[in-house]
Structures are given as C-alpha cells and as structure tokens.
C-alpha cells in the first residue's frame, strides 16, 4: 500500500474545495509548495453499512513530484488507516535518479503537514460535537446531516484552509442551552448565533476565543451577568448582545476592549450606573444600550467618544441632566435619550453637533424651553421632543432646520402660537403637535410645507378659521384638528386635496353648511360642531368614502337622495341632529356595516328593504318618531348583530321571523307600544346577550323557552303587562355553566322584571343565577317570603324587591353576603326587627331601604356609623327607642352617611351633640316621631345639609342660631313641635335683634311700651339693620354663586343624591318663600364601595398645578389626563374633558346619567371611574391612578425588556377579558371605540386594566341616551371605517387584534416612510401598517419572523405565540363578520394561557442584527 499521511479535517469552505472536474484545490496548495495537486476525492469509511452516524470523510490527494501528466485517481478509495481518517496518497518511490529529490520533497511535505494535521483534526471533531449538541435543528441545518457534504461546506461554517474561522447560525430556531462546543474553535474570528433561542449563561471559557473580532449573540434567552473573561477578548471589534436577559452591572473591565467599534447591548436587564470606563473606548462608533435598567447620570467621560456616530440610551432609568460635554461628540448622527428621567433644560451645547440627523429626547422630565440655538442643527431630519414638559414658546429658529422631515412636539405646555417660521420647513412630512398648549390661529405659513403628509394639531386651543393657505397641502394624507376652538365654515377647497384619506374636524365650533369632500377621502369626521343646513349630495362625489360621522350638529332636511352615490360607505353616523323625513330604502343597497340615525326626527315606517341588506351588522334608530310595525321581513337580515329602536312609536306584536336572526347578540326595543305575547321564536336567537323589551305593552307569561338563551346576561322586561309566575328556567341563562368562557371575577348579570303584574313566589332556583349582579323585581304582585337562596348569589350587588306583598323577616339568611351593596325592600309586609348583626351580614352595604313595612324593635347600634353605608331609609315603620347617632369613640374616619330618613316611627329621646359627626349628611328627615328636648347647636355644624325636617315632634327651646348660617340648606321644617309653634327659617331671620335672636317656641311679646324717642331710634336702627341685612344677603348670594362655580362634589358615579346637591338651589336660607315638602331625590349608590370624596375646583387646580403640563400623564380622544394628589394623600388621575360643556348643554342630567352608568362598571381588568364633576362648562372624570403606566410605554418607551412572553400573554388575556366584560357582561353594553395599547394600563403585578371606556358611546337599556363618541387612533381603525373610529363591537375586536400584534411583534401600529428607510426593504411590505406588514410577511412564508426578537421564548412558548397570532389575525380580518366576538377572543386566549405544551409547530427566524455604521 502506498504511504498514507493523516490529515485532520476542518470542513473546507466552498471556495477552498472544488468539484473534481474543475480541479480547484487552492486552499490545500500551501503545504505542497513547488508541487501540483492533480486530483482529489472523498472517501467514506464506516464500520458497517448501516452505521452512517460514524462515517468519516477523507480527502485523497494525488500528487506528482515532477511535472508531467497527473497520476490517475484510483477507482476506489483505499481502506482507512486506523479505522478511518483522511489521507494523502503519494506515488511510489522512483527507481531512478529522482530518488533523492523524491525523499527531500516527502520530508518537506511531512514538516508542513504536522502542525496543520493536529489543528484540522481538532476542528473536525469539534464540528461533529457541535452538530450533536444542536441536533434539534436538524430540520433547519439540512446539509449538516448529509454525508456527501464536507464539514467546511456545512451552512454557516467558514474555513481558511481547514481551520474554522467563522460560524454563522443566525435565525436558526434551536432553543437549547448555549453550546459550550463553540468555544473550542480557537481560531474563530466571527461568531453570529443571533436568533437561535439559546438559553443559559455564557461560560467563563469564552476567554479561549482570543482571535474573535465579531460577536453577535442577539435575540436569544441568555441571562445572568456577563463573564469577566468576555472582556479579555482584546481583538473584539463588534459585540452585539441585544434582546437577551443579561443582568447585573456592566463591568468597568470593558475598558480592555480598546478595539471595539460597535457595542450593542439593548433590551436586556442590565442595571446600575454606566461605567465611566466606557469613555475610554476611543474607537467606538456605535453604542446602543436602550431598554435596560441603567440608572444614574450619563458619565462625563462620554465626551471622549469623539468617533461616536450612534448613541441610543432610551428606555432606561437615567437621571440628571444632559451633560454639557456632549458637544465633543462632533460626529454624532443619531442621539436617542428618550424615556428616561432626565431633568433640566436642553443644553445649548447639544446644538453644536452639526452632523446630527436624529434627536430624540421624548418622555423625560426636562424643563425650560427649546433652545434658540436648535436652528444650528442644519442636518437634522427628525426632532422628537414629545412629552418633555417643555414650556414657553417654540423658537423662531425652528425654521432653520431646512431638511427636517419629522417634528414631534405633542404633549408639552408651550405657550403662545405655533411659530410662523415652521412654514420654512419645506421638507417637513410629519408635524405632530397634539395637546401642546398652542393658542392663537393656525399659522398660514404651514401652507408652504408642501410635502406634509401628516398634520396633527388636535387638543390645543387654536381659534379662528382654517387658513386658506393650507389649500396648497396637496400631499396631506392625515389632517387632524380635532378638539380645538376653530370656527367659521369648513372651507370648500378641502375637496381639492387629492391624497387625503382622513380628515378630523370634530369637537370644534365650525358652522355653516357641509362642503364637498375630496375624491379619495376614506374618513370624514365632523361631529360635535355647529354645522347646519342639509347634507349635500355632493358629499358622495368621491368613490372611496367609507366612514362619515356628522353626529351632534344642527343638520336639517331629509336624506332621501343624499347618500345614493356613496357606493363604499360602511358607517353612517348622523345621531343627534334635526333630520326628518322617512328612512330611505336605498340605504339597503349600500355596503353599510353600521347605521346610526338615533336622536333625530325621522318619521314613517322602517322600510322593508332595510331588512334585506347583506352587510349591515348594527342598526340604531332610537329616539325618533317611527311608526308602524316591525314586519316579518326582518328575518331576512341574517347578518344582523345589534338592533336598537328604542323610544319610538312602533306598534303591534314582535314578528315571529325574528327568530331567524341567529347572529343577533343585542336586541333593544324599549319605549315603544309593542303588544301581545313575546313570540316563542325569539328564543331561537341563541346568541342573544342583551334583550331589552321594556316600556311596552307586552302581555302574557314569560316563556319557559327563555332557557334556550344560554348566553344571555342582560334581561330587561320591565314596565310591561306581563303576568304569571317567574319561570325557574330563567336562571339557566344566568348560570356559571352558561358563561364559563368568560371567567369574570365580577360577573355581570341583570334581570329587570319590575313594574309588571307578576305573581307567585320568587323562585327558589334563583340561586342558579350565579352570575347575577342586579335583580330588580319591584312593583309586582309577588308574595311569600324572601328566599334564603339569595344568599348563594356571591356576585350580587343590588336586590330590589320593593312594592310587592312579601312577608316574613328582613334578612332570612344569617351568613354574610359580601358583595351586596344595595338592598331595597320598601313597601312590603315585612315584620320583625332589624337584626342586630346586620352590619356583619351586609359588610359592604351602601344603600338600605326598609321603609313602608311593619318593622319593630330598635335601630341596631352603629348602623348609622357603618363605614360603607351612604343611604338609610327606615321610615313608615314601628321602630322605637333612641336614634343611635353616637359612634364608638375610637372611630376616626368620617361617617359616610349621606341620606337618613327615619320619619313616621316611634323614636323617642333627644338629639345630642354627636350629630355633628355626620359631616357628609345632606338629607335628614326625622318628622312624625316623639323626639324631645332642645335642638342641639351641633346640628348647625353639619354644613352639608340641604334638607332638614324635624317637624311633628316634641322639641322645645330655640332654633340654634348657627342654622341661619347654613347657606346650603334649602328646606327646613320645625313646625308641629311643643306649644304649637310653627317656625321656618324666615322666622329665624325676622326675629328681634337680628338674624338670630332667642326665638323660643313659647316666646311672647314684651309688655312695656316704647317712648317716642326710643321708638324713633329703634326705627332708624331697624332701617340700618335692614339695609345691612339686604347688603349682606346680596353679598352672600353672590358669594354663594361664586362658590357654586368653584366647588363640586366628587361623586362616585351612581350617586344621584349628591348630583342633585350640585344643581342650582332655588331658595336661600333666609326664607324668601317656604318650600313645600317634596319627595327625597332618588339615588343609586348600590354599586360603589367608597363614600363620596369632597374636593373643590381649587383643590383640583392645586393638585394639578393649574393643569400644568408637568402633571400630564396622557391624552385621550376627549381630554387630557393629569396626575393629582388629593388632600389626604390619595393619588388619582383627573381627566379634563375637551369642549364637552356645549355637548351637554341643557342636559347636565344626561351627562350625569351616562357617568352613573359608567361608574357601575367594576372589573379587575378595567380602570374604575371614582367620580365625576360637572362645573359650568368644565367636565372632570376622576379615575384610579395606575402607577405602572401603559402597555404602549412598556413596549416602546418604558421597559419592554421587562415584558417576557408570560407577562405579555397575561396582559393579552386580562385585557381581552376586560373588553369582553364591556361588550357582553355589563348593562348597558359599552363599545370602547378607542382600543389601543396606550389605553391598556398596568397595575400592580402588571395586571392589565383597560381605560378610557368611560367616554365610549353607551348603548343603554330602557332609560338610556346616546352619549359622546370617541375618535379612534390611526393604525387601530378597522378597514370598513378606514382611518376613523368604529362604532360597533367588531370594531373594538379589530383594534384589540392590533394590540395583540403589538404584543407579539413589539412594533407600533404604523410607521413612516422615514422609518422604513432606516429599517430596510422588509418594512415596506404592508404599506406602513402593522396589520398589513404581518399579512405581507405571512404571504411570503415568513410568518415566523414577525415575532419580537426580544421575547425570551422556549419551544412551548413559541407555540403559544403562534396560536395568539392566529387569534390576532382573525381579529384583524377585513370583513367584520369574519371576526370573533370579544367573548370568543377571551375564551381562546384563556385556553392558550392554560394550554398543555405540545410539540413545536412554528419555526421562527429572527431578523438581522442591527445595521452597523
């Protein structure tokens, strides 16, 4: 056998090993200098034919010492030496004169191969070891497991000679611990394993990679502190560790990496201060540390980084000021310090960085103004100062930024006008100045910015008209001036904007007629203005119009022909106008999804053709003058999901064909004249969630088939003529089993059968209504006892059984009913005494009405002092004993009782000074009892009283003087007491000696006569007193009016008594006329846990710094949110609504009614409304303050790294349940209308809570109204309404789908063309929207690449992500009917949260590492 030379193999790269025919073997020539490689081949030696895993690959080289024809390669490879290996076959030794030369060459060959042999053999073994360690990636590393592929030809492996110099396994989903075999390749120069899903910690043996220059470990799950050995790799030039879970402090040893040009460690959990040693890296060009937990100030040593081009430190906890030494970074191109805690002014030195192209300082605690020197940054393309607490005026020098493309200055507190110099920004494409504090007029110079595509000036105080010069902005796509004070006509020239797709002019003071609209307009919103006249037909001259919102104006005329040309119209919202005529039939031919004609003057019958529409999902025709019957044709509208025709004049029976509407979820026909029995076919609509047929003339029994409506959670049949017994089958729909898909902590279930003629007993099966929250059976003919089974309803908050014929005890159950807040049992035949332990049985009781029964005994001690009780009525009973006003001495908190009526009983004894402890009492009625003694002066210290009736008792003595100073008191009656005296407050004022003389009940006139002089003096004195009294009264009345303007009561929504206290009072205390006794105002406190909190406007002003921008924490579609700390230390969020005083003009009760409804919403995934205020034109809402900010902040500006997949999935599930509760669980159902990540707030433990639903359009039950409607947010708007807001539940579903995609991808809902250029071509797909981009990627088979690279996921978690992505894509379907309901979304996400992990089903490829400068 010819001599063999063993060669350790490192897989040659394709460039070094050529096919046999080409004879390229240049990489192997060096060891054979002066010789010629004449051929090569591959051998495969195994111990058996089936043992393929132990195959070894050999290189066969055929050489010839002398020049000449190459030796022929053998037909078969020789047997391997030693059971395998690689070899070189040499020709046999010559027999002639070349023998000496032959042996010399052979010796030289051996010397050259000896060092390479050992190294190559080691690398080959390491490659096979590495392959074994990552065998899970066999499906992605195909040629690693192909026998015919040399190791150096394996994908991602690069060799020089036979030595491995580069490993690139990026975007290969392996999901194993970091393979230690990698560190065995000692000649490695480049290592890229980004996006491999590696976990664990880096080994200290990293020090072995002494030749490493490029290290990319991004997009994995690696954690722990960085090993100290990493900083000994002194040849390292690029280190990329983004999107991992590394923690600990950044070691000062980083100063050893003096060759470093790129350091990118973003989106980890590094903490502590930035080491000053970073400033010693003189070659550093790219530094990215964003989204970590670095704290402290920016080291001054950073000024040494003179070569730095890119510095991104956003989303950390950096404090201090922006260091002045930053001026030394003369080559800086991008600076991003956003979302930190930086303070102080923007340093002027920053404006010396002449190469700066992008400056992002948003979301910091900066102060001062934008420096005048900002105009020196001539290369600036992006200036983002959003939410920086900046004040003063915007400098004129802003106009010097000639190539600026994006200017973002929203959510600041600028003063004055937007400078005219902004018109010099001829390259400006986006101007975002929302809620920035600007006043004055919109600068006409903006018309020079002809490249503008986005102009957002909403939420300011701009006045005047829209400048004519803006007509030149023909490139504009989005124009938003909502929520200002703009006036005048909407200009006609807007129809010349050929590229605009969305125009929002809502909530201004525009008047006059509607103009024509641009041809390519998709969305037009002009609600809440003063537009008048008829709607012109030319409004439909464009063929792209999909959404038209003109509600809350003064539009008149009919719509007989108006919208015939709107061939793509999907939403038409005309509510709250003065339109008349009949509803036209052509509406059925339009692709409408939502039609809202409520609150107009439409007459006639509902056209039958409307029921033939193939697209419509929601119809609202409430509050018109429609007549006739609902015909059987309604059964043709199979797609219908919601129908509301409340408060019209419809007659006749409900059509039987309504049972064909199997998709119907909400049916509300209250306030009509419908008659006859409820058709049994109605109960075929098995998706019904809300059924409201109240306020009609329906007769007959409640059908037992109601049990078929298993999804029902709202049933309102009140104010009809229904008779018979309450069917026990009713509770099938309200059982936990029927609603198991929505695991609400607080369920919502409403049964309202009040004001009918129902008889019999309350069914004992009521305990099966386990999701029931409110039960209203008042005003019927029910008999028997209160069923003890009510105590099993653990979620019940309100029970109203008043005005029936119930007998027996008040509380038949001894166990606590912790959730019950309102119990109304008045006007029955209940007997016995009030249990002494009632406070323990009803621990959360807020309203207790036991009046009009036959109760005896005494009032339990401490009942009046119970911390939760606001309203107590025990009038018209036979209760005796003393009224227990005295509380325990250790009670320090204010007594929350607001309303107390104990009249017409047998109470005795006297009132003592302890009544002064009831500082919140507004209504006190104790008339017709046997109370004795003197009236305590302490009663005058209950300054909140406005109704006081102590008549028909046995009081004696005087009326306390202090009562005359109770300016809030509007009714007081002391008549019918001892000695027959009849005294009113007018008597108090008219008594001798001034306002408060000793006016005893038994007082008699003096006997002695007056002398003439004395009489004269007395008359003069009396006249002076009268004049002074008149002056005092005028002063006090004016002061009182001022106080009314300045003071309000923070009312837990639902508290009508307190709301009535806010209304203007018609009588003053000094008795200009005597008020007649009136019924106490109705109140509803039953759904609130806390007593009202009294604050004044002044206190709110102080708490918000006079609504200073520094207190702004956000801005919603209808107002600005301020952080405030009330007296007593409670932190709240105060939402100051924009321009809604006019909206509720003449209807404060309407505003209150809406807030009453919203205030009842309580769910752990919703931000609760604590109170509200209507003071003049101001409207304030007070919410619980959420310390941890919003989901948007966490994902893009405040800690996204802290949100791993488990946290994101929990947020997704919780938010879904909150929205599902609004859609399906609360009555009246609430459509959010502005679902977005900034409206998902994070509470303790990152518990998600959906906010801003309090301003959503409310679809109410019997006594509802139509309320304000929020505008949606760009990027979250469903396609059927283009860039505007939706008013259907399916619109909320679409928006929530976008939020789900944000959670999955970490991307914003939209991005600009400038951002696309920065990111790369992949970002162009989808047209700049997140939904479009996900579809674009999926269509190209790259769906697995959409996930956020920073998500720390395992294989099982990746499957969860894939399933959530499926749900999100269903939610964002173009067709609304293809989208699931929120109930279904919550169920599916809940199932994903609880899923058992199966095999990995989705392969994920992360994106490329960040581009290096």
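Placed from the backbone N, Cα and C atoms, the Cβ positions cover glycine too.
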Among 1016-1036, 1037-1057, 1058-1078, Swiss-Prot lists transmembrane segment at 1016-1036
Beyond a gap of at least 6 residues from its ends, the CB atoms lying under 8 Å from the repeat 'LRR 26' (794-817) belong to 746-747, 749, 754, 762, 770-788, 823-832, 834-835, 837-838, 840-843, 849-850, 853, 855, 1086-1087
Its Cβ having more other Cβ atoms within 10 Å than any other among the glycosylation sites 499, 568, 928, the winner is 928
For the repeat 'LRR 16' (543-565), the distant same-chain contacts (Cβ-Cβ under 8 Å, at least six residues beyond its ends) come to 501, 506, 514, 517, 519-537, 571-582, 584, 586-587, 590, 596, 1143, 1268-1269, 1279-1282, 1284-1285
Whole-Å Cα distance, residue 878 (N-linked glycosylation site) to residue 1234 (active site, proton acceptor), is 54
Recorded positions 304, 317, 917, 973, 1234 vs residue 1119 (ATP binding site), shortest C-alpha separation belongs to 1234
Recorded positions 1113, 1121, 1234 vs residue 697 (N-linked glycosylation site), shortest C-alpha separation belongs to 1234
Long-range Cβ contacts under 8 Å made by the repeat 'LRR 18' (590-613), restricted to residues 6 or more beyond its ends, are 551, 563, 566-584, 619-631, 633-637, 639, 644-645, 1266, 1280, 1286-1288, 1290, 1376
Quick note, residue 917 (N-linked glycosylation site): same-chain residues at least 6 apart with CB under 8 Å of its CB -> 885, 887, 895
Grouping DSSP H, G, I as helix and E, B as strand, the residues of the repeat 'LRR 17' (567-589) number 5 helix, 6 strand, 12 coil
Sequence-distant residues near the repeat 'LRR 23' (710-733) by C-beta distance (under 8 Å, 6 or more away from its ends) are 665, 670, 686-704, 739, 747-769, 771-772, 776-777, 782, 1224-1225, 1227, 1229, 1261-1262, 1383
Same-chain residues at least 6 beyond the ends of the repeat 'LRR 9' (379-401) with CB under 8 Å of its CB atoms are 338, 346, 354-373, 407-425, 432, 1109-1110, 1112, 1314
As a whole number of Å, the Cα atom of residue 304 (N-linked glycosylation site) is distant from the Cα atom of residue 1113 (ATP binding site) by 36
According to DSSP, residue 973 (N-linked glycosylation site) sits in strand
Cα nearest residue 499 (N-linked glycosylation site) among recorded positions (1113, 1121, 1234) -> 1234
